[in-house]
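Participant: Got a structure for you, written out below as structure tokens; questions coming shortly.
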Amino acid sequence: MRLLWGLAWVFSFCASSLQKPRLLLFSPSVVNLGTPLSVGVQLLDAPPGQEVKGSVFLRNPKGGSCSPKKDFKLSSGDDFVLLSLEVPLEDVRSCGLFDLRRAPYIQLVAQSPWLRNTAFKATETQGVNLLYSSRRGHIFVQTDQPIYNPGQRVRYRVFALDQKMRPSTDFLTITVENSHGLRVLKKEIFTSTSILQDTFTIPDISEPGTWKISARFSDGLESNRSTHFEVKKYVLPNFEVKITPWKPYILMVPSNSDEIQLDIQARYIYGKPVQGVAYTRFALMDEQGKRTFLRGLETQAKLVEGRTHISISKDQFQAALDKINIGVRDLEGLRLYAATAVIESPGGEMEEAELTSWRFVSSAFSLDLSRTKRHLVPGAHFLLQALVREISGSEASNVIVKVSPTLVSGSDSQVLNVQQSTNRIGQVSISFPIPPTVTGLRLLVSAGSLYPMIARLTVQSPPSRGTGFLSIEPLDPRSPRVGDTFILNLQAVGIPAPTFSHYYYMIISRGQIMAMSREARRTVTSVSVLVDHQLAPSFYFVAYFYHQGHPVANSLLINIQPRDCEGKLQLKVVGAKEYHNGDMMKLRIQTDSKALVALGAVDTALYAVGGWSHKPLDMSKVFEVINSYNVGCGPGGGDDAPQVFQDAGLAFSDGDRLTQTREDLSCPKEKKSRQKRNVNFLKALSEKLGQYSSPDAKRCCQDGMTKLPMKRTCEQRAARVPQQACREPFLSCCKFAEDLRRNQTRSQAPLARKVRDMVNLIEEDDILVRTSFPENWLWRVEPVDSSKLLTVRLPDSMTTWEIHGVSLSKSKGLCVAKPTRVRVFRKFHLHLRLPISVRRFEQLELRPVLYNYLNDDKNVSVHVTPVEGLCMAGGGMMAQWVIVPAGSALPVAFSVVPTASTNVPLKLVAKGTLDSSDSVSKILQIEKEGAIHREEIVYNLDPLNNLGQMLEIPGSSDPNIVPEGDFSTFVKVTASEPLETLGSEEALSPGGVASLLRLPGCAEQTMIYLAPTLTASNYLDRTKQWSKLSPETKDHAVHLIQKGHVRIQQFRKKDGSFGAWLHRDSSTWLTAFVLKILSLAQEQVGNSPEKLQETASWLLAQQLGDGSFHDPCPVIHRAMQGGLVGSNETVALTAFVVIALHHGLNVFREGHAKQLKNRVEASITKANSFLGQKASAGLLGAHAAAITAYALTLTKASEDLRNVAHNSLMAMAEETGENLYWGLVLGSQDKVVLRPADPRSPTEPVPQAPALWIETTAYALLHLLLREGKGKMADKAASWLTHQGNFHGAFRSTQDTVVTLDALSAYWIASHTTEEKALKVTLSSMGRNGLKTHVLHLNNHQVKGLEEELKFSLGSTISVKVEGNSKGTLKILRTYNVLDMKNTTCQDLQIEVKVTDAVEYAWSAYEDYEDDYNMPATDDPSVPLQPVTPLQLFEGRRSRRRREAPKVAEERESRVHYTVCIWRNGKLGLSGMAIADITLLSGFHALRADLEKLTSLSDRYVSHFETDGPHVLLYFDSVPTTRECVGFGASQEVVVGLVQPASAVLYDYYSPDHKCSVFYAAPTKSQLLATLCSGDVCQCAEGKCPRLLRSLERRVEDKDGYRMRFACYYHQVEYGFTVKVLREDGRAAFRFFESKITQVLHFRTDTMASIGQTRNFLSRTSCRLRLEPNKEYLIMGMDGETSDNKGDPQYLLDSNTWIEEMPSEQMCKSTRHRAACFQLKDFLMEFSSRGCQV
């Protein structure tokens, strides 16, 4: 009996303990700092009438409160409450959270005396650990277009919102990463309107790839959001090609007999169909994107209404597979690749498209069961939720889904069969009952009937533990919409006699508990949830109860059907559905609240060139960001209550149980089984590529197969491959491909052209001229209150614009409008292409294409509007009448000849009726004949020196000057060297810094964007002179520094080092240079110190045991590392690195950086010891001595070391008067530079020293300033450096400019004074119009007018008078075009450029290098053409870029091949980088694919290339001693005749004056030299040409004295000679006739003219005039402005020149010529003796 009573007592005690009072604590498992945290507190099983008081708060696990306390009061009747806590950002540091980075947890604590007194706790606190995150709010980033060219400006917006999606004003941190993932820009900006707008420029040297703009709240590291955009070179297409397969998949089941079918569509961007031919090819593509060509499937087809259809039968496809030994079963996982090139018939333009998503599959569908719960409730219904998509990714509607569940109950099982069709969005929800005894469920699900997709899923019942289960069943299994009431039924299952009275539930969305409530228990309890915007896009419904002291819980994830935003934003174009270019468009913006609306319009043509991969911001992206705050994992449910809470994103504690502490923000990934694929197909994909297994070997093989744009044997190519492992596959595959393409040929067919006649016209003034063609516009933010009507002018592009809008409202948050499209189109319009540039008197053929989409044929008049400087038919007013058939296009040809020396606006007009007129205006870029020559001279102005108060500057008399050119002398005078150099646009503006150095560049030269501006900013900061400049100057300077920083990051490697090119290994010297400059720029660019610390760490790893530094890959120009070889080179490099590390010390801060700082300081000390030893040995050259002395002084090395280095340096100084410099010393590498002669008097120009001398003296000046301050020696060194600057303030190259500006800035800061000094300079020159005088009043503090730039005649002597008490500088810049290059030094460097016709080159190469689409475009594409060979079609995409295909048949003749050869004199010690700058023949552009082959393959021939207008720049690591040639193709899109020779220059990168310049011409007998003009166009072009008179032959008598009237009245000639022509010579675009004077009739300036002397007479090659040798002529005209190499005048023969062939003695003896001969002799006698009596 006692035993029974005892057992009863124990049982009652346990029961009471299970039902003991509890405090339940709920919250999201993640705390976002600075944002509210919802906390649910519930009192459970408390006796009636009992009241519990307490508080909740957040604290550091180590102690210390992190949030204010929130009180609560609970009772049995009011037993739960939802509170809000927050960790203020300002308290994060004080509560010690930042010290817990490795364990980022915070504790949620409930505190109440009740816990200890009544709940039997040891303490009065109960808590749970939460993960904390600095993420808060929402950020969205938007760019103005999805794709950019390198060099383009990117406009972007950042929208900042708080946790509730409302506008937030805060500091934002913006970062930009390039395609290599390296950060190139970082800035912090405060946004006051929640919409930040800013811009940055992509460096022009950027490699193709995906860039990223990221934004975050500055105090929230994890709030980062980003957007991506593409960077690549592209041209906006005129039309778009689309490939649409009939099915988005290809079934690879053996029984499938369907044909493979696809449609090709080509439409102009404005929506109209394209006429032309489509060429299509196919390949198999694996997961890595590698393609294997399917021979025999290539097709060509005519487009009908812009469409064509391609069908491949099963047998055709199988035959293609058989050729490469591939079976149908091997196709799984592969894709069928299709590429189409369309050539339009009217204009011959080509566009391409490719299809890469066409998969081989075993089923047409994919099946997603991720929304199906993994736990079932025995005795309740189970809900299977599936999403069925087509292989393309779109929802599959009305697809039968069959479910065969196997119910497992112990060892028994039962199979059911259920089926249902998917709804319109591909969803299906199937519910079926589960018997109470079932413990598991095996699901077999199939989608589709014929070839179904099958998925399997196993579902288990959670262990009951005797507490039963909770079933949650939605009344309607479909996803609700915002505004719906969603009903869920709750039922306790497996509990015989429930002991609880209520179900409790929570709604969790966006990482917060949105609601907490309870519902009284009934047999079936229904809960209604009103779905509002705050629950979108998904929420968890979590319900629970306690039974016998144990929690029972379940949850369900409910996805809300996508809908528009909380507010309203609609964009609607009012009025016409279609607009004309230039029309005023009305855009209606409608909102439902006061909002800011950010707009933007994008040309949809950008999507055609790859922009679709980066879609614009839309609501799906917005919901994706919102949903990212949902910290729940899975579809709901769990093994037990804590797991249910945890998977729903909750942290939970009831005193006895708690959820596991969350480790990170992400969910654990579900393991997926992956079927093994048959790997045998890899060998079968390609007989050749399959021989190589490693990716590197495969790449080498592919490189070998790729054709070069020049002739090289495979053995020659392989010899250039540096890696031995790469050489064998490269050679083998090269020979393999060479055999395949050996005998390929092509045919061509002419393009027929039509011209027709006549109609009634409208006035030309009524035709809108199209001139504006942006890629995006309407980038603006508009305040809108409910509605606003914007009226904007549409750009001139004929395209479809997509208008985007994003609104931000304080009451409704962010909303993204559905884009609206506006088609801008003229049913009749013209399209015109112009060449990059042409030269004067070259003949240009314009070929505008007229497009007529009207229903009627149109009679149209087409003409070019008259403009001065352009010869056209009828002076431009003669029109061509054509009939453009309805629905077609017609090209029209015009010949024009530019005669102006400046750019000409060219306006083309098509005049018809009101609906058939159009006009386009473009600028024709005109280049002058010959090549540009620059000459710079510097004079020192010192009025205090009596000998220097007067000086004369002689004019230039270069015999090579092009006549009638713009040749002038520019004079710049300044009295303020510091402000002129460092306060001018040259140092503080983008255009100015570009003018400092006119060189293009690699990584080192890129630093010129940073260094001068940094130096200038430092000078103006230190001397407080920003106020003397315009207010925006400092902003410009900061922008320029940031731009330079972005640019240099393109060369950064992942380890922090830098190389001259991305493909080149890192350089110690260059990395040190960048470290130094970026350390100084830290404040302006906001660069991460960690990045610079990586750079410094890399440098430390390059230090050797003796303290010196070595360079694993020296910069290309070795001389710039110290000017000397051997030990001097090592010394200079070590000193350079020491200087860089010293400047980098300021970026080493707390933590790890302190250790790195100690390492850097130790490294500097070690290096200084090495430098001191070398300086003590006394064997250093001047440059190494100077940089060593500066490094030791800068780093404050021991005094002994500094003194030794100083004495060694001063022993090498050269002192001349007021100047001190360091020049050539024994051991210098630069033996070709001679010492400049000291000026004999102050009136002579300052001798210009080489770059190395300037850099050496600059380092010496920096050393002297640190050692002695502003002393005499520093004054003299600064004086010498000051007068070495060029016209724009720079010096010879990058390094000497950077170091010298640094040195002079330091000197000018030390010598800055407020004392004002004045300088008066008087310049006078005698010109054609008499004496020209300028008086300049300057002072040393002038800003506006700190310098005067004047223009004088090139040949005039300039007299200069100097007065005042201030020194100054006078700089001369002469620029003019020269006829030939005979005056340039080509003894050391040599360059040769040869241009050959493409056909000639192809035959000589024994193969057709114009592979792929070089096919004729005809008016009737159905005319049989020679088919394209498989290899040619397949190689097409690799060998050509967009718009590099021939446009019409005859343009094949306008394709040429360039061969560029370079070499140097073997005795020349030049080992540095050189640049070949080739100016292309007019109208040509280089084929970019050819240039890329020279730089990107394993056998690299060129380090880098750039194209700039008509220029192609090729970078060579070095110039070989033997002749080395590279080649590339060029295409002339616009026909040009009488093409003039162009120039090419090879120059040393660091000494640009060390160069070789040559001219080259078009191929002889080429159509490029043919005459295109006819009739009056030729007459106009020759209007300035001289005419040869043969008066005697035409029996014209001089009765009225027309010779005398011409000489004295019409023109009043300035010279008159009879001459005998000796020889003819061609130079550039001129013919030279060297002639001997036989009689002097008259002269004005040619005072030395006498009988027997020779003179040169010049005529343009475009003129027909030919003077025959050994014949005598009478020539009279105007004086020339040029002289020959003897200083004698040269005369240009033009329309104002009298040229008459003198009759022979025999002719004058004849009777019929006797009178005329006497008249001629009388004129010669009278004019020579009396001249003009006027």
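For all residues, glycine too, the Cβ spot is worked out from N, Cα and C.
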Participant: Name the cysteine that pairs with Cys726 in a disulphide bond per Swiss-Prot, restricting the answer to Cys667, Cys700, Cys701, Cys714.
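Facilitator: That would be Cys700, the partner Swiss-Prot lists for Cys726.
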Participant: Say which of Cys1585, Cys1608, Cys1663, Cys1708 is recorded by Swiss-Prot as the disulfide partner for Cys1732.
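Facilitator: Checking Swiss-Prot, the candidate bonded to Cys1732 through a disulfide is Cys1608.
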Participant: Cβ distance under 8 Å to Cys95 (disulfide bond), same chain, sequence separation 6 or more: which residues?
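Facilitator: Spatial neighbours, sequence-distant, of Cys95 (disulfide bond): Arg59, Asn60, Gly64, Ser65, Cys66, Val87.
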Participant: Among all chains shown, work out which of the glycosylation sites Asn224, Asn859, Asn1128 has the most CB atoms within 10 A of its CB.
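Facilitator: When each Cβ's neighbours within 10 Å are tallied, Asn1128 tops the list.
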Participant: Between Cys726 (disulfide bond) and Cys1525 (disulfide bond), how many Å separate their Cα atoms?
Facilitator: 23
Participant: I'd like the Cβ neighbour count for Cys667 (disulfide bond), meaning other Cβ atoms within 10 Å of its Cβ, all protein chains included.
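Facilitator: The answer is 12.
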Participant: Between the Cα atoms of Cys701 (disulfide bond) and Cys633 (disulfide bond), what distance do you get, rounded to the nearest Å?
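Facilitator: Roughly 47 Å, rounded to the nearest whole number.
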Participant: Which one is it: of the recorded positions Asn224, Cys633, Cys700, Cys1608, Cys1663, whose Cα lies the shortest distance from the Cα of Cys1461 (disulfide bond)?
Facilitator: Cys700
Participant: Using DSSP and collapsing to three states, where does Cys1708 (disulfide bond) fall: helix, strand or coil?
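Facilitator: DSSP assigns Cys1708 (disulfide bond) to helix.
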Participant: Among the disulfide-bonded residues Cys726, Cys1461, Cys1663, which residue has its Cβ surrounded by the fewest other Cβ atoms within 10 Å?
Facilitator: Cys1461
Participant: How many of the residues that make up the domain 'Anaphylatoxin-like' (700-734) does DSSP mark as helix, as strand and as coil?
Facilitator: 23 helix, 0 strand, 12 coil
Participant: Looking only at DSSP and grouping its letters into three states, which state does Asn224 (N-linked glycosylation site) belong to?
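Facilitator: SS state of Asn224 (N-linked glycosylation site) = coil.
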Participant: Quick check: of the recorded positions listed here (Cys633, Cys700, Cys733, Cys734, Asn859), which one has the Cα closest to that of Cys1732 (disulfide bond)?
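Facilitator: The answer is Asn859.
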Participant: For the domain 'Anaphylatoxin-like' (700-734), report the average pLDDT of the model, please.
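Facilitator: Average per-residue pLDDT within the domain 'Anaphylatoxin-like' (700-734): 84.
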Participant: From the Cα of Asn224 (N-linked glycosylation site) across to the Cα of Cys633 (disulfide bond), what is the distance in angstrom?
Facilitator: 22
